[in-house]
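Over in TrEMBL, the protein carries these features:
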type	residues	note
DOMAIN	1-120	domain 'SSD'
TRANSMEM	66-85	transmembrane segment
TRANSMEM	97-120	transmembrane segment
TRANSMEM	171-191	transmembrane segment
TRANSMEM	334-367	transmembrane segment
DOMAIN	359-478	domain 'SSD'
TRANSMEM	373-396	transmembrane segment
TRANSMEM	417-443	transmembrane segment
TRANSMEM	449-476	transmembrane segment
Amino acid sequence: MAIVVSYGLCSAFGVFYGPVHSILPFLLLGIGIDDMFVIVQCWTNLNKEEMKRSLPVRIGITMKHAGVSITITSVTDFAAFAVGATTVLPSLRSFCIYSAVGILATYIFQASFFVAWLTLDQKRIEGHRDGIIPCFVHRNWKPSSLSRIEPLQLFFSRILAKYLFKWPAKVFILVLAAFLLGINTWGSVLMRQEFNPLWFIPTSTYLSQYFSVIESHYPDNGQMASIYIQTANLSSNLDRLDALIDTVRNETKIVSQVDDWFGGFKEFTAKRHAVDWTNQSMTDVQFSTYLKNYLFTQKGAKFRRNFKFQDPLECRSAIAPPISVIMEELYRNLAIAMVCVFVTTFILIANLFACVLVLLCVVLTLVCVNGTMHFWGLTIDTVSCINLVLAIGLCVDYAAHVAHTFMTKSGTRNERAAATISSIGPAVFHGGFSTFLAFIFLANSDSHVFITFFKVFVLVVAYGLFHGLILFPVILSLIGPAPFNLEPPPNLEDKAVTAEELEPQLTHREKSAVVGVLKEEVEANEDHEFHLDMSDDSTASSSDDEELLRSQQVRGMATLKMISIRLKSVKNIQKITQSMKMVSAAKYTKAERELKLARPYGIGAQEFYKKAEVKDEEGEKGQLIIAVSSDRGLCGAVHSSIGRIVKNDIAANPNTKVVIVGDKVRNILQRLYAKNIAMVVTEVGRKPAVFGDAALIAQSIINSGIEFSKGKILFNAFRTVVSFRTTEMPLYSQNAVANASKLPVYDSLDSDVIQSYTEFSLASLLFYSMKENATSEQSSRMTAMDNASKNAGEMIDKLTMTFNRTRQAVITRELIEIISGCATL
């Protein structure tokens, strides 16, 4: 459809169609499929919560992300071709006009026609309708397991994103990029400018074979030479010029043929103007007039370029511009196209540093393409000039997609870069590979135009994918800009700012505002959402402030000063919660990595109890509960869920002793159940737990002499980044371990050995539970701060609207008072 629009509109407006234009369908096919892959990939990236919404909403969310990406690439491509349309080379100008119209039509059809059909097809799938016969409905249709497997997605998310951003891989990629840049820079320097019209003749034709045989078997003898005459009055020296020509023609041993303009000029003037060269002289005016007429004859036209006139000739020339113009136009078009691409990318991405990195990626790709063209036997001519201009529009697509996606991700630079190639990498690779498939059929062509297009576009796709999907993410992981709508504190990563350093900086009013921001989340999610351990005074202060503001709004007397103070306070809260979210994200990544190493401790200890068939001790010694939490708050229901289960167990069995690991659970239990607390371990959560800490706690519990018949360890087991599960593990006393039926199979029943088993197993379980709880705590804190930032943003919007309305009311009231005063006068 875009091809029809491009050919139809341009032909209707009189833009000529040339041999080079036959490559346009392949170009638009590659660009169009690239946009399709981006839209489909964004649809695939929708999470479970978004997939629960209605189909129009899901399509809107998809185009919210994909629309920006395809707009960036389409506008930059259009700008590059629009610049090419201003060149003086007719073939390049015509081709760029056709391409620009085609790209614009492709963008319009992608954003409307393709999205509409994608919506209808998704509606068909959800209705279990057949793909070939839509009226047929499958009753128990389920997608096959093979259709759910996406090998390329798994490669980008589990292999490339995992290993590309390790330091050895980064160093290797940077060294490889520097090597390619050096080699191809050398090739670009050696690139020569050459053009031969015979190249446009297909090699399989008889005419091409004829010229090949002539050049091989009948070469010209000697070298062609020319005689130039510097500034001279030719009209008064015609006799000397005639004598010079005769002298050169008489040198038969050196010169085989002389092709001079003067002999034809004499014949022309003798016949046309009846000039007698033997007796008559010629004035300057006559000579200039006769020479001008002669140079526009059939015989004299070939000598026209040998004369340099002070004033332009009146008659038009049909001779094409010299080959030097191609090089000048190439430099001009590349420079202007890069400027337009930079400006367009800056307008759409809205980040200067990101646009500079995108332009750097484009420059590296162009240098590598130009250098490899030399090693592949190509030269600078009209066809390669067109290809290099096209290369700007194509290679910017890969980098622009990656840059825009990187700007929408949050976390550290490594995390954002990994998330970028995991989400947009498959779509970019599919787009590049589909572009390559569109041109692969030109490989066997015998046309110089098609062969040149094939070679250049293979290089553009190869180097574009390397720089866009490999080198560019590595650069972004090192010096990438901050994401959209996020203002991290200066040098956050360098100074390693922790949440402990940020939390004391909260003033009394800011803590109250945080409670207000998170209040909706606490009320809506009582089980596994966000719980803040603030004082009652802070909550009361927040309620008083909100009640005061509400009452003033009801009466219509809210002052601008109070609203502006409130607005500024909430903005400060948003900055703090965003900073705490970034810190928690970094700590969460580290905690999750350490949790994988700690899980064998917990699994091994539980297997020991299971293999030895350890059972609870008989008797009424009571119950022991080890509640694992931490000393820090602002992490959701991590602490309250533990405290709630402990309260229920104590209510069911009052003879329960509790060992609390972490100060937050103690604050929950000490008011009503202080007598049940046997031991409290503080200073937990401020630093990552090590096995020595768990061993010290286990030794303290055993040496305390607490007797119990059965016991358990309560902790929060990490599930995903947005969820956790409060879990319990069985705990056995030393007597229960000694009475295990199958313990003698593994070791002797020496009391010291049994105590060592008991103490090491308890330390292993504690170490594992502390690591699980720490990971759950950091993920919950990151989620809580993210929701707090969003709620703060909603409060900022509401307060901003209230501020604007109040300001308008004040202005209106003052105007009424002024008008009333003037009326009384």
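Backbone N, Cα and C define each Cβ position, glycine as well.
Just so you know, TrEMBL annotations never went through curation; they're auto-generated.
Mean pLDDT for the domain 'SSD' (359-478) in this predicted model: 83.
Within the domain 'SSD' (359-478), the DSSP-based counts of helix, strand and coil residues read 102 helix, 1 strand, 17 coil. For the transmembrane segment (171-191), the list of distant contacts is 164, 364, 367-375, 379-380, 463, 466-467, 470-471, 474: same-chain residues at least six beyond its ends, Cβ to Cβ under 8 Å.
Sequence-distant contacts of the transmembrane segment (334-367) (same chain, six or more residues past either end, CB-CB distance under 8 Å): 68, 71-72, 75-76, 79-80, 82-84, 86, 177, 181, 184-185, 188, 388-389, 391-393, 395-396, 398-400, 403-404, 406-407, 460, 463-464, 467-468, 471-472, 475-476, 479-481, 484. For the domain 'SSD' (1-120), the number of residues in each DSSP class (helix H, G, I; strand E, B; coil) is 102 helix, 0 strand, 18 coil.
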